[in-house]
Ligand code: XMP
């Protein structure tokens, strides 16, 4: 088990996990706990420093989230970020008010004293702000370290008590020197060790998995995507043939996907894969269902039904207790509030979509990681690049790429268009340049003219996005001649489609998938 160096108390910011992730980039082992974690439990972990995250609440509101104030008496340095700063200011007798000019987005950091967290940080670097409240008066014993155009107190410190507070988010990539500031806190101020790396992570996860599974079997949900393939590989390393990787064909797969996944497992991993054909069950249950969240819940539940039925076939030596999945941090943060009070965006099928009646205990070794970290872990495990660089494909599959009800006919239409799009991306070299690319069937019909005849057919939306971790994304600037070729081919080769549109929405405000 890794000794935690820095402990983050989570007040519900969408960015909390990014703090841990930035510190991991510097080799500092960091864990996240909810803001209400008990003081004894915090003490028991013996962190060298504590970070109070941001969060959506206001510190002056009734019922505002407050940690056990004993954290300031533990004798380790504390850093407050955004809400964390406002909490510190309020707690030590300063004041926090609603800002007249709120700040969302970029700001320039004017350094007053390049000390502590700001040691060695250049003046006027860009930082990312996202706040409606601000500190109006700083508490006694604190000094100013930096300000910005709209926010007087951007960074403050009480050097004696080793308490630091910053209003901006150093953890997001848009904060130019943010990583260095976090490193200053963890390494220079707290004296955290920088020995964590993917190799240690793989070793400790394999050891944990052995410990959890004991001598039992583990069913592993495989989708063909990088996440579940990495989980299957980790488990295979940990418990060998006692892992049972199950790939469910729910009838919502892309063209040729089933064969591709089977071949990938056979040729690359040597892990014996079981494919369950559950097309009729899933499509039967989705009949007549139009609501995106209902579709997601039905798919999540049906997956579990299928896995439980499959588990019964392998339980010669008693029950299979565990189901392993490739859930990542962005799935968790957007689905449910697990560690802090964050808002639900959509129910990712492997998190929010699971039924209460499920008997399995879940094993989710990647739950704290982001996609690019999972790819790094896969490399550590010696998995081939062709597997690691596959685009993500959502568990609910094409069901969330067909607006409204899902049926065989529309699935086929979508598959045919999607196959052309992917072929063109591969042949133009753009597949590897984008995070994800797919077609969406809008179920919107429009009038066209083809060969002197009027058509009244379906519209396909083409979506390609660039992203680092899927939490934010921008639409890909694909060349116009490529888009033209894709549009021509789809309309000419797929009967029933007479219009192709390109989605130019980023995330936020959109999400990557349409449902
Ligand atoms: P959104 O649409 O939430 O997608 O911006 C972010 C990333 O997550 C993928 N995604 C899912 N993956 N189960 C999954 O395994 C799901 O239910 C699910 N929903 C979205 C999506 O494809 C994108 O990469």
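Sequential numbering from 1, following the chain as shown.
Positions of Cβ are set from backbone N, Cα and C atoms, glycine also.
Per TrEMBL, the feature active site, nucleophile maps to 82. With a cut-off of 8 Å between CB atoms and residues at least 6 apart in sequence, the same chain places 13, 53, 54, 55, 130, 131, 166, 167, 168, 169 near residue 82 (active site, nucleophile), listed in sequence order. Look at residue 82 (active site, nucleophile): DSSP puts it in coil.
Feature annotation from TrEMBL assigns active site to 169 (among others).
Annotation source TrEMBL lists active site at 171 (among others). Under a cutoff of 8 A between CB atoms, and with a sequence separation of 6+ in the same chain, the neighbours of residue 171 (active site) are 15, 18, 19, 21, 22, 81, 178, 182.
If you look up TrEMBL, you'll see 196-390 marked as domain 'GMPS ATP-PPase'.
According to TrEMBL, the ATP binding site annotation covers 223, 224, 225, 226, 227, 228, 229. Under DSSP, residue 223 (ATP binding site) is assigned to coil, being neither helix nor strand in the three-state scheme. Neighbour density for residue 223 (ATP binding site): within 10 A of its CB lie 24 other CB atoms from the protein chains shown.
Summary of the ATP site environment: with the site residues 223, 224, 225, 226, 227, 228, 229 set aside, the chain residues having Cβ atoms within 8 Å of the Cβ mean position are 222, 230, 231, 326, 390, 393. Highest Cβ count within 10 Å among the binding-site residues 228, 229: 229.
Every protein chain considered, the tally of other Cβ atoms within 10 Å of the Cβ of residue 225 (ATP binding site) stands at 19.
The average pLDDT for the domain 'GMPS ATP-PPase' (196-390) in the predicted structure is 88. Annotation note: residue 228 (ATP binding site) sits in a helical segment as assigned by DSSP.
Taking all protein chains in view, 24 other C-beta atoms sit within 10 angstroms of the C-beta of residue 226 (ATP binding site). Around residue 224 (ATP binding site), the same-chain residues six or more apart in sequence whose CB sits under 8 Å from its CB are 247, 257, 260, 261, 264, 390, 393, listed in sequence order. For residue 227 (ATP binding site), the same-chain residues 6+ apart in sequence whose C-beta sits under 8 angstroms from its C-beta are 326, 327, 328, 366, 371, 374, 392.
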